[in-house]
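Only one structure is covered here, and it is reproduced in the block below.
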Amino acid sequence: MERPAAGEIDANKCDHLSRGEEGTGDLETSPVGSLADLPFAAVDIQDDCGLPDVPQGNVPQGNPKRSKENRGDRNDHVKKRKKAKKDYQPNYFLSIPITNKKITAGIKVLQNSILRQDNRLTKAMVGDGSFHITLLVMQLLNEDEVNIGTDALLELKPFVEEILEGKHLTLPFHGIGTFQGQVGFVKLADGDHVSALLEIAETAKRTFQEKGILAGESRTFKPHLTFMKLSKAPMLWKKGVRKIEPGLYEQFIDHRFGEEILYQIDLCSMLKKKQSNGYYHCESSIVIGEKDRKEPEDAELVRLSKRLVENAVLKAVQQYLEETQNKKQPGEGNSVKAEEGDRNGDGSDNNRK
């Protein structure tokens, strides 16, 4: 699925990626649905989101009226579940950012190679800063649900670390694939890392669903790194571009792009304004492994900046107080002298008298 990538350990930590704004066009001209323009590949919004069924306990036979009421309650609940699944349209996702420069540089070479063969595909390319793996998609409808999602992400952290057993999870990327010729992606190579990532994805889905969040897809989770999708450029359909031709990327079929180490998972918005570097808006992030024991550089810079500002403010306040005191002191001296003058004047008058 497509993505946005890593977020802030507060909201600004996702700045390590850049991406251009995805254009929105007349989606009726595209073979892919409107959801295809979001950072995941053709999500099936009719999936089973894991909503619990109403218990089907035995109803006492001696109370047919109550039995009828129970059946009515169950029917209402089923209708609500069906409506919830029908209205399910993910707008947030968990992202694993791709920050290895070897991987991102290799993807740029791939994209440029494709564009040299067909420059009509320019707008179908994913921006430099948006390369990622989408771990989970979800629907968060308001600020309260976003806060619940943030809590769920924090709860996910120890589960992920337990799955990894203190080891790094290395994700090697090798070769090219497509989803029905509409979405082009770099493949995640086979290996034990795949089962670990699948377990993390399933754990994330369960963690968010247990908090009442609509999350996940009906299709099997297939981790991938999207580099282009035709739905980003609906006009291509009118120009006769129906699919991504294999010949465009054939020389990269067996290319090894590099390895990414999982160190961060971000909760990102698909719809909020992207960051200045092109990366998706991040609500929160968790860091995994050694980098969690060492404070991130960005966070350290923020901390240092705050200290510098606090010191500057404190110094300014102290300077102001000193200047204020200095201004008062001459005035106080003049008052004393004036009082002494008054007393002396009174004495002179008395002498005259």
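Just so you know, glycine gets a Cβ as well, placed from its N, Cα and C.
Residues HIS224, LEU225, THR226 are recorded by Swiss-Prot as CMP binders, and the candidate that the same record lists for that site, out of THR99, THR122, THR134, THR324, is THR134.
Neighbour count (other Cβ atoms within 10 Å of the Cβ, all protein chains): 22 for HIS224 (CMP binding site).
By neighbour count, meaning other C-beta atoms within 10 Å, the densest spot among the binding-site residues THR134, LEU225, THR226 is THR134. Farthest C-alpha pair in the AMP-binding residues THR134, HIS224, LEU225, THR226: 10 Å apart.
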